[in-house]
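S.K.: This structure is in structure tokens; I'll ask about it shortly.
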Amino acid sequence: MGKAKANAGPLARRPDNSAFKQQRLPAWSPMLTAQTVLPFFYGMAIVCVLLGAWLLVTVQNTHELKVDYTHAGSCDKCFEKRKDRANANQSCNCTVVFNIENMFKGDVFFYYGLINFHQNLRQYMDSRDDGQMIGRNKNLRNPSSYCEPFIKDKNGLPIAPCGAVANSMFNDSFTLVYHSAAGSRVVPLFRKGITWYTDKNVKFRNPQVENKTLTLAQVFEGTGQPLYWQKPVYDLDPWDRNNNGFINEDLIVWMREAAFPNFKKLYGVLNRAIEPFTDGLPAGNYSVLISYNFPVEYFQGRKEVVLSTVSWFGGQNNFLPVAYLVTGCLILLLAVILTAVWWKFGKNGRNMEE
Amino acid sequence: HVRANDRDYNEKFPYAVSENTKHMLSQCINDTDNHIKTCKYNVFTFLPVNLFEQFQRAANAYFLVLLILQLIPEISSLSWVTTTVPLVMVLLITAVKDATDDYHWCRDWFIPCGLPVSPLPPLPHLPPLPPLLQADILLLSSSEPYGLCYIETAELDGETNLKVRQALTVTSDLGADITKLADFNGNIICEPPNNKLDKFTGTLYWRDNKYPLDNEKMLLRGCVLRNTEWCFGMVVFAGLQTKLMQNCGRTKFKRTSIDKLMNTLVLWIFGFLVCMGVILAIGNTIWEQKVGRSFSVYLLWDEPIRNNNVVFSGFLTFWSYIIILNTMVPISLYVSVEVIRLGHSYFINWDRKMYYIQKDTPAEARTTTLNEELGQVEFIFSDKTGTLTQNIMVFNKCSINGKSYGTRDSRCAFRTACVDFSFNPLSDRKFKFHDSSLLEAIKMEEPSVQDFFRLLALCHTVMPEEKNEGDLVYQAQSPDEGALVTAARNFGFVFRSRTPETVTLYEMGTAVNYQLLAILDFNNVRKRMSVIVRNPAGHIKLYCKGADTIIFDRLDPSNHVLMNTTSDQSQQAASEFAGEGLRTLALAYKDLDENVLEEWMKRLLYASTVIENREEGLADLYEEIETGLMLLGATAVEDKLQEGVPETIACLTLANIKIWVLTGDKLETAMNIGYSCNMLRDDMNEVFIISGHSVLEVQQQLRLGLMAHALEPELEQVLLETACLCKTVICCRVTPMQKAQVVELVKTNKMAVTLAIGDGANDVSMIKTAHIGVGISGQEGMQAVLASDYSFAQFRYLQRLLLVHGRWSYFRMCNFLFYFFYKNFAFTLVHFWFGFFCGFSAQTVYDQWFITLFNIVYTSLPVLAMGLFDQDVNEANSHRYPSLYRPGQLNVLFNKRQFFLCTLQGVGTSFLLFFIPYGAFCLVARDDGSHISDQQAFAVIISTSLVIVVSVQIGLDTYYWTAVNHVFVWGSLAVYFAILFAMHSDGLFSIFPSHFPFIGTARNCLTQKSVWLVIMLTTVACVMPGLAVRFLKTDLYPTLTDKKVFIPLHLFHILLCYSLNSEWITYLFSHPSILNTPY
């Protein structure tokens, strides 16, 4: 195994005297002594507790309101109606009322939430074609086999967008109404800018065509709409022609599959340009007009509307501050135990003697 | 039975040697049997053969099965790339290693096959390489008179004295006549090949006559011809059938205990994996039954499965989870272990402190699979000749007429000047003696001193060789005899020449002719030899030398009366010498009366011609004349130990390693060495010797208190138990096979790691049998080295090999395994927790690329660096505190308990890794309100936390941060982020949209403060408990290492085994009193 060396002579086979080969590399040997470990534990405890306290205070200043509308208010009838699949094409509208006691200051975000909807099933998550969604014409006409069986409609046309994820897209729509003394008025929501920049601009693209004059409908000609959809993909947003096709923001939001069966997805952002919403959502009575399309009764799911403000570390999140406080306290406890043990056994090195 | 010239006849026997008289010339080694084919591959067969072999390994076959499973779409939970990339890398690295191994192995074996063993009939005496015989040969004729032939059998039995072999008279008459020899057409009918080195029975049929053949006519493979110009012989056995090869034992594939443990653990993990798979599959069945069934609206294609058979769905899920969780049995484990071992082997090869400058021989790790076992050795079996000793005898001291000469300890001899022998032109320049009073006594012409050296010059069987005038070379049967004659030569009694009837001495420059009347041979029973000579003055004298006890029994009673003090002093001196480990001989003489001798000679002549009981008759006659001796003195010859042997043995003993010496040598020699190595000491007063010829005898001795019968099955246990109670065990007169049996006995019954060290062919079997075989290289024979796992030039390097390299290897390997299993549990079990949230659908938590690269890119190098460079204790302390070796012997650093702990830590870490981000992100939004609880973001958060947690953990586990560790740890983190962002980049996605669907996730996640808050929390929560536990352990139950690192030097006894070279320490060691005092 010894490497033959070029130089001959009496000491030809003598190994090199390098620090590496002789295992004498200069090195730093940190040691777990009480002088380093105990201060570290106390330091970590303090950092965690302080951070936790700060986060807690921050979270206290955020607001969140959840309204379960599965069969609340007048939605009960819609819930019953959606039980029968034959009624899928009949529209059903209902209203849920709620009250905001304290004003939601700052940016307010409007989410829809689904409970017990498994977007994280393996077969479900795989059932999409990113090649199609990025606008590749090949994939548009000939989607990936992963989309099976949501790949061709009953006419044999390729489905765009194909796959189970797109097929099950959430299709309730909401109108938030503010009831003040001055009367009822619709709360203005931005329905765009609710996606990640990368999704909107890179990951999702409409099919590229050389002829720029073609309408979106023409571009998607020869493709079928997903089975459960009521509208084709190029007609998702009737009010904004640029928000159609694969770059429809609701579609993009839906296509970012949730990790857990309970999730919320952004629906809109409060437009604060208009009075009286410049400072956020004022306290008062509100109602949500819901176009109730998405059936959840098959999977014992629930639907909800969430209104929330955010802090510097994101939306309302009680777990993080509490977790920090708990961790901090546990570390403090550990530190005290360590100190006691060290004081009793390790300090004068009694245990160290043989 | 074999007939020499009858190939057809021989071929009827499976063991028959393809041999005939045409090829009888002794050194014909082109016999195909003599070639040992060891190359496994050639250029063309390499790829298929190697791949076939690799897939025979259970682990690789397992991953191949996984790969096939992944190609089934219903099961495939990972893309096939995730398994293929690591598998291909592992196969590639292993293939390269196998190829280099095979290359080296082949190269090694070509050396012995191609030794210049002088294929020409007259064996020329090639000085640099002594002609090692390559087959078992019947001696036909030789250059010496009467067909005598001298051989040295050190390679076979460790004995260094010359032995005589004599050809049959009828064949020795053939002489060097090639044509006659070529026409030799004798038939030999002999015993089948066996491993008995001292027995051979056969009959030669030639010219209608029968001639009995015995061992005295055989030259065995491994012998070296000495003092014989040439010889002819007939090959009886060649190749594997030679007695030497029969004694070699089988080559077994050696595996370390860690290896075996690792395989067990991998099986456990596999069982664990199956359990998890079953749990998750059951979970899936239940989930499908209760929830999934109603979910089928969104997953149309599974409808038949779901509605009809949820159990089938569970079955598919089981396989999917087996694929996902396969990273628990990490594919890179075996290859990483091999890389680490290879690195450790290179460190051994590179070690300058194990490089022997005189012979230009570096240490060599010849196998790369046993390193960590070097840190667990409990028993060392050492050969004596050439291993502990240099095989050089030095005349060291003597006691003449009650007066002792010579320095007290040869090892501090540097203090006294050497005696100047320039007055004597015939002196041997290499001879050194350190007491000039002896020379003065010679010059004073003290009669007893003169007689002393005269005896040494006369009473021996040495052959002188004088090529040039005054350039004397002695050929001695045993090296100690040579040493004594050389001593006499230097002190002015030069043995110049001998004929069968005379011996010529140059006594202080004048030639004196002695008439040699009789030689009373040495043998093991008599333990003495005598010569009867007539000096020029006509006086007849008997000179006798022999073991001190034997001689003292035969002294004339007047010795005790008249020279009471003298004799006592001599006896005292003799026992003192023996206590110092010197070989002691007592010298005595007797004046003989002419008439008495004449009568005795007649009886001797008669006795030597009787056929029956000739031996006994001669012995009785010798006994009769060797009585009433007058004591002259005693000599002490040092069997020179290799440098540093006693210190090494002392140090290894402190490390709780038991050292047994196994030698083919005589009992006395073995005991002397025991004393000089400090293995036996004066304060051990219960040295007992077990020897006996029958089962019963040995049994009785064992109950009270060597080998041949003690190795019978029924006595094995008693022997073992007795031997293990002893501080020191020395086995003498053991054959090579018995050495192996002793090793095997300890190995199987004590469950301890054994190491055998030796230098000659007689050690091959024990080297092969022991867990670890070490060969002493740089010597004549290569057999031991070739059979060994490690080789170096000096016994003392064993200390460094075990206490430094072995200890480090074991420590590193254990830490490596602990961390490796921990890391993979932490990594993989996250999927288990996620299973409960994703309907047990075998959805992965991580990006597939992360799964592919985690083990082979993100976390491989830091743990490799730890496995290669870590040092808990530096080498100086490893030597200073040999007790640090203890944990390895007790196997405490990595065992099933430790594995359980690392599993626990891994499971705990995976739990926190999953549930802290789960709690934090389940319902959370980004600071711009858009959601972040999607699966891809979650994957990035968990994988980033995981990489950071395991990096922090390796940082805490590393004791010795070299620059390499820094580069690897920080580099791995940097590479992780670099690859993460690259994989999530726009460019890659726009080229391969379906392979890189995580586009932008890293950017969108890692810019969030909350993400970093979660990563920080996870890291702290995962790492702090382990840190606290370790700190508590150090305080409450400090290990030896903690203590040694912690306690400053002055609190400990200063144990002086480190400084191998300084002489004064050696001196201290020779005084037990100093060892026992605290300082």
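Residue numbers in this text run from 1 along the chain shown.
Quick reminder: no glycine exception, Cβ is built from N, Cα and C everywhere.
Owing to the predicted nature of the structure, the values given are computational and were not obtained by experimental measurement.
Pulled these from TrEMBL:
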type	residues	note
ACT_SITE	B:Asp383	active site, 4-aspartylphosphate intermediate
BINDING	B:Asp383, B:Thr385, B:Asp759, B:Asp763	Mg(2+) binding site
DOMAIN	B:785-1039	domain 'P-type ATPase C-terminal'
TRANSMEM	B:265-287	transmembrane segment
TRANSMEM	B:308-335	transmembrane segment
TRANSMEM	B:816-837	transmembrane segment
TRANSMEM	B:849-869	transmembrane segment
TRANSMEM	B:898-925	transmembrane segment
TRANSMEM	B:937-956	transmembrane segment
TRANSMEM	B:968-989	transmembrane segment
TRANSMEM	B:1010-1031	transmembrane segment
TRANSMEM	B:1051-1069	transmembrane segment
S.K.: Take the C-beta pairs under 8 A between the transmembrane segment (B:308-335) and each of B:265-287, B:816-837, B:849-869, B:898-925, B:968-989. Which stretch has the highest count?
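M.R.: Result: B:265-287.
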S.K.: Over the domain 'P-type ATPase C-terminal' (B:785-1039), what is the model's average pLDDT?
M.R.: 90
S.K.: Let me spell it out: take the transmembrane segment (B:265-287), skip the flanking residues so only those 6+ beyond its ends count, and list any with a Cβ under 8 Å from a Cβ in it.
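M.R.: Beyond its ends, the transmembrane segment (B:265-287) has Cβ neighbours at 59, 62, 310-311, 313-315, 317-319, 321-322, 325-326, 328-329, 333, 821, 832, 835-836, 839-842, 896, 899.
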S.K.: Same chain, outside the transmembrane segment (B:968-989) by at least 6, Cβ under 8 Å from its Cβ: which residues?
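M.R.: Sequence-distant neighbours of the transmembrane segment (B:968-989): 847, 849, 853, 857-859, 861-862, 864-865, 940, 943-944, 947-948, 951, 954-955, 958, 995-1003.
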S.K.: Provide, as an integer number of angstrom, the distance between the C-alpha atoms of B:Asp759 (Mg(2+) binding site) and B:Asp383 (active site, 4-aspartylphosphate intermediate).
M.R.: 7
S.K.: Three states by DSSP: which one describes B:Thr385 (Mg(2+) binding site)?
M.R.: coil
S.K.: Please report, as numbers and ranges, the same-chain residues at least 6 past the borders of the transmembrane segment (B:816-837) whose CB is under 8 Å from any CB of it.
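M.R.: Residues packing against the transmembrane segment (B:816-837) from afar: 258, 262, 265, 269, 276, 280, 283, 321, 324-325, 327-328, 330, 333, 336-337, 340, 843-846, 854-855, 859, 863, 866-867, 894, 898-899, 901-903, 905-907, 909-911, 913-915, 918, 942, 946, 949-950, 953-954, 957, 1022.
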S.K.: Whole-number Å only: compute the distance from the Cα of B:Asp763 (Mg(2+) binding site) to the Cα of the residue listed as 'active site, 4-aspartylphosphate intermediate'.
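M.R.: Cα to Cα, B:Asp763 (Mg(2+) binding site) and the residue listed as 'active site, 4-aspartylphosphate intermediate' are separated by 7 Å.
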S.K.: Of all the binding-site residues given, B:Asp759, B:Asp763, which has the fewest Cβ neighbours within 10 Å once its own Cβ is left out?
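M.R.: Result for the binding-site residues B:Asp759, B:Asp763: minimum number of other Cβ atoms within 10 Å at B:Asp759.
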S.K.: Which of the three DSSP-derived classes (helix, strand, coil) applies to B:Asp759 (Mg(2+) binding site)?
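M.R.: The three-state answer is coil.
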S.K.: Let me make sure I understand the structure: which of the recorded positions listed (B:Asp383, B:Thr385) has the fewest other Cβ atoms within 10 A of its Cβ?
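M.R.: If we count Cβ atoms within 10 Å for the recorded positions B:Asp383, B:Thr385, the smallest count is at B:Thr385.
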